[in-house]
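**Q** Take a look at the following structure, please.
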Amino acid sequence: MSAQDKLIKPSHLITMDDIIREGNPTLRAVAKEVSLPLCDEDILLGEKMMQFLKHSQDPVMAEKLGLRAGVGLAAPQIDVSKRIIAVLVPNLPDKEGNPPKEAYSWQEVLYNPKIVSHSVQDAALSDGEGCLSVDRVVEGYVVRHARVTVDYYDKEGQQHRIKLKGYNAIVVQHEIDHINGILFYDRINAKNPFETKEELLILD
């Protein structure tokens, strides 16, 4: 039984046990494009990946299943070398602590995503980045594009083009790196992890 066959079984919930860690060669491979129209197995895998992200952000389910919270997951992280990513970016409460009207600012499974253009300006998160496949803290600015335009297919096989900036742009670049065999710390300046160039936009 392949890793994907196991993951898409109706009774299976993706947990941290399914997430492979740095050192596994799948994380360093360039993943293969999925065939269109999408097969049922690839659609199911995308749904399972999104289910994992929702569980990871739900305090009750996360504790029950022992999950670390995530806003994105790429198929190579569950040992399936395919160009599939899921993103689930939650909206935050307002300054008074009131819950947002919409739970998520972005919720999508992207098949064969590709960055087709990007800004000259770079950006990095002030607190750095983490990864479900990296069980350690790696400090430093992860330098990425401040804005990107991404082409992808949804589960219906429809093609989309979206323009992203800020945190959502960072998230999608992190996940697209995964399907290209790149880990976030590859983009940290090894000699000067917190180097700031004049044009670097630091996002809180």
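Using N, Cα and C of the backbone, Cβ positions are placed for all residues, glycine too.
According to Swiss-Prot, the protein carries these features:
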| type | residues | note |
| --- | --- | --- |
| ACT_SITE | E175 | active site |
| BINDING | C131, H174, H178 | Fe cation binding site |
**Q** With a radius of 8 angstroms around the mean position of the C-beta atoms of C131, H174, H178, what other residues of the same chain does the Fe cation site pick up?
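**A** Leaving out the recorded residues gives G72, A74, Q77, E129, L132, S133, E175, D177, L183, F184.
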**Q** Which of the three DSSP states, helix, strand or coil, fits E175 (active site)?
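**A** The residue in question, E175 (active site), is helix (DSSP, three-state).
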**Q** Just how many other Cβ atoms lie inside 10 Å of the Cβ on C131 (Fe cation binding site)?
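**A** Other Cβ atoms within 10 Å of C131 (Fe cation binding site): 23.
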**Q** To the nearest whole angstrom, what is the C-alpha distance linking C131 (Fe cation binding site) and E175 (active site)?
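**A** Approximately 10 Å lies between the Cα of C131 (Fe cation binding site) and that of E175 (active site).
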**Q** Which secondary structure state does DSSP assign to C131 (Fe cation binding site), in the simple three-class scheme?
**A** strand
